[in-house]
Amino acid sequence: MISIALENVSKSYQADTPVVKNVDLDIEPGEFVVIVGPSGCGKSTMMRMIAGLERISSGTLRIGGKVANDIPPQHRDIAMVFQNYALYPHLTVAENIGFSLEMRGVSKTERLRRVEVVAHLLQLSDYLHKKPKDLSGGQRQRVAMGRAIARDAKTYLMDEPLSNLDAELRSSMRAEIKHLHRQLKATMIYVTHDQVEALTLADRIAVMNKGVLLQFDTPEKIYDDPASLFVAGFIGSPPMNFIEANCKEGIVQTTKEGTRIPITCPPELEGEDVVVGLRPENGVLSAGDKRMAIEFRGEVMLIETTGSNRNIHAKTATGPLLIVAPRSAAIGLGDNVSIGYNTEDAFLFEKKTGKRIHLS
Amino acid sequence: MNTSGVLLRTTAVAVGLLFLSPLLYGIWISLQTANGFFSGNGEMTLQNYVDAVEKMNFLRYLFNSLIVSGGVTILSLATSIMAAYAFSRFEFRGRDLIFGLVVATLMIPGHITLIPNYLNFAKVGLLDTYAGLILPAVANGFATFFLRQYFRGIPRSLDEAAWMDGANAWKVLYRVIIPMSKPAIYAMGLFIFLGEWNSYVWPLIATDSPDMLTLQIGLARLYKMDAQEGLVNWPLVMAAATLTMLPVLLGFALVERHLVRGISMGAIK
Ligand SMILES: Nc1ncnc2c1ncn2[C@@H]1O[C@H](COP(=O)(O)OP(=O)(O)O)[C@@H](O)[C@H]1O
Ligand SMILES: [Mg+2]
């Protein structure tokens with residue numbers, strides 16, 4: 001277990017086009033941190049800088065408090081699972097898993113023992129003598145994982161390790177990784193573009209977009225208290241509804257009929273465009289008038305069954321609105337409905353900057 | 001098998017025989033007595049092979065050729081593997097310029113460097129030594145270029161995985177890059193070995209004493225030495241030439257499976 005800290009770290013591959021911008025990230029020893037963000041936002045670059053595979057253009061990286069910018073990767077005591085696995089094709093599964101031990105001069109008998117333990121843990125015991133090309137995607141993924149955990153590193157980095165797996169295997173591997181983290185008691189940094197993975201795995205989530213770290217907090221805080229429009233839209237499934245509105249006379253207003261959003265605007269936003277965010281799972285659907293504080297009227301356009309729930313897509317005067325409703329709700333296609341929200345469930349953002357405005 | 005298949009095979013066999021014909025003819029000659037060959041009475045013998053070995057100091061030349069060709073192959077593979085690794089994996093100032101110079105050496109005909117090489121080796125007293133035969137061929141621009149291209153095809157992430165697993169630059173090279181490039185290295189090695197085995201001009205001018213001659217030079221001397229009454233003893237020369245060929249065929253048989261795997265490796269992936 002060791003702490004990792006990035007202080008004002010930036011990275012440019014070409015001059016003047018930074019792909020990671022002034023990131024500050026303080027990771028506690030033993031913490032499980034998930035870096036999440038859309039494809040191309042700089043997640044892999046961040047991870048590669050921590051690993052030492054990419055030079056840091058400016059800023060400071062500290063590992064265990066010590067400046068680590070110039071420490072070569074093999075001396076950082078970091079193990080990594082690569083996005084494309086990067087298994088050694090000429091070595092068997094056992095040799096792949098034991099490679100890091102061999103590099104450290106661990107004796108052959110001890111190596112074999114450790115390989116067997118890891119293989120057992122990852123259910124690879126039957127494949128130890130196969131070459132990577134003879135394995136399925138899921139098995140390769142586990143070998144990649146096994147190669148990283150065969151030695152006791154202080155930090156483990158995982159770059160989208162589950163992205164190539166099917167949904168079923170993904171969820172079982174997710175549980176496996178969480179379990180591994182508890183066993184290894186090591187600092188873990190995990191990269192994904194999948195917000196569900198982030199929410200289920202992380203002690204803390206770092207949300208990135210376009211090279212900027214937008215928010216770094218626990219999954220609950222990120223979900224309940226997103227710092228910006230982007231975070232609010234990115235975290236949560238199905239995604240948050242956004243309604244464009246305007247601050248007029250201290251109140252959020254839309255010009256559309258059948259819509260009521262009685263939220264007070266702070267005086268400095270008078271006349272500004274704002275965005276109201278409403279989570280689909282907080283909406284209350286009724287055929288008649290429920291008289292909730294926030295209300296939309298609309299027509300049901302599409303119903304998706306997700307098993308326990310249904311996703312109701314409604315057309316309202318302010319645009320499409322998605323609500324998660326219990327299966328029992330007696331709603332049919334084409335019904336005219338009223339969709340209600342409590343004011344406490346509404347998020348307000350400044351449209352220009354995407355900044356969250358806290359409602360008092 | 002359909003008609004076009006038959007046609008294809010027949011053509012292949014015919015072309016193969018055409019390619020082999022000088023070789024087979026040579027072996028055929030080597031099995032005749034000198035009298036039989038010149039008078040055409042078809043008298044057969046194996047004595048030419050015995051004579052070739054005894055008269056020509058064959059074993060000594062064979063030893064020399066093996067040392068020189070083997071030495072050149074191993075040393076030039078070693079230098080070009082390391083150079084190719086540096087050119088394909090490390091960033092350093094002037095890299096592209098230096099690589100350009102390495103490639104530029106391919107444009108210089110070997111004969112142009114003969115005289116300067118001779119003078120330099122004479123100055124440092126390396127003429128008529130194994131070192132003098134081996135060293136000029138140890139820096140191999142083509143092998144460097146060829147291996148660099150091959151190394152570039154190996155995904156970087158494998159190097160990076162090895163770095164993360166605790167390997168240093170040397171271990172990345174000999175535990176990842178070299179094992180993955182085996183087909184290319186074997187092919188290059190065979191190519192270098194053959195080139196050196198058949199090399200003639202440099203060994204001719206760089207050696208002098210009978211004990212330092214390579215097979216090819218020895219063969220050429222035999223050719224002159226054994227002219228009987230103005231006639232070349234062709235059966236003897238052909239026997240010696242056949243013997244000269246054998247080690248190469250043997251070597252090829254040994255590495256062939258690696259080459260074939262190398263060719264098909266790109267295909268299935
Ligand atoms: N080696 C590189 N050279 C130039 N640009 C790169 C390189 N690697 C990544 N990039 C660019 O940096 C940005 C971030 O990439 P990356 O960190 O891989 O994103 P992510 O992992 O979040 O998908 C992308 O725009 C990508 O094109
Ligand atoms: Mg990535």
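A Cβ is built for glycine as well, from the same backbone N, Cα and C atoms used for every other residue.
Please treat TrEMBL annotations as automatic predictions, because they have not gone through curation.
What TrEMBL annotates here:
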DOMAIN    B:62-255  domain 'ABC transmembrane type-1'
TRANSMEM  B:12-31  transmembrane segment
TRANSMEM  B:61-85  transmembrane segment
TRANSMEM  B:97-118  transmembrane segment
TRANSMEM  B:130-151  transmembrane segment
TRANSMEM  B:172-194  transmembrane segment
TRANSMEM  B:234-255  transmembrane segment
The transmembrane segment (B:234-255) versus listed stretches B:61-85, B:97-118, B:130-151: most Cβ pairs under 8 Å: B:61-85
Folded-back contacts onto the transmembrane segment (B:172-194), same chain, C-beta under 8 angstroms, at least six residues removed: 69-70, 72-73, 76-77, 80-82, 85, 137, 140, 143, 146-147, 150-151, 154, 158-159, 162-163, 248, 251-252, 255, 258-259, 261-263, 265
Other parts of the chain folded back onto the transmembrane segment (B:61-85), taken as Cβ under 8 Å at six or more residues beyond its ends: 102, 130, 133-134, 137-140, 143-148, 150-151, 173, 177-178, 185, 188-189, 192-193, 196-197, 203, 211-218, 243, 247
Long-range environment of the transmembrane segment (B:130-151) - Cβ separation under 8 angstroms, sequence gap at least 6: 64, 67-68, 71-72, 75-77, 79-81, 83-85, 87-89, 99, 102-106, 113, 117, 121, 177, 181, 184-185, 188, 192, 196, 199, 202-203, 206-207, 212, 214
For the transmembrane segment (B:12-31), sequence-distant contacts whose Cβ falls under 8 Å of one of its Cβ atoms, 6 or more beyond its ends: 37, 44-46, 48-49, 234-236, 238-239, 241-242, 245
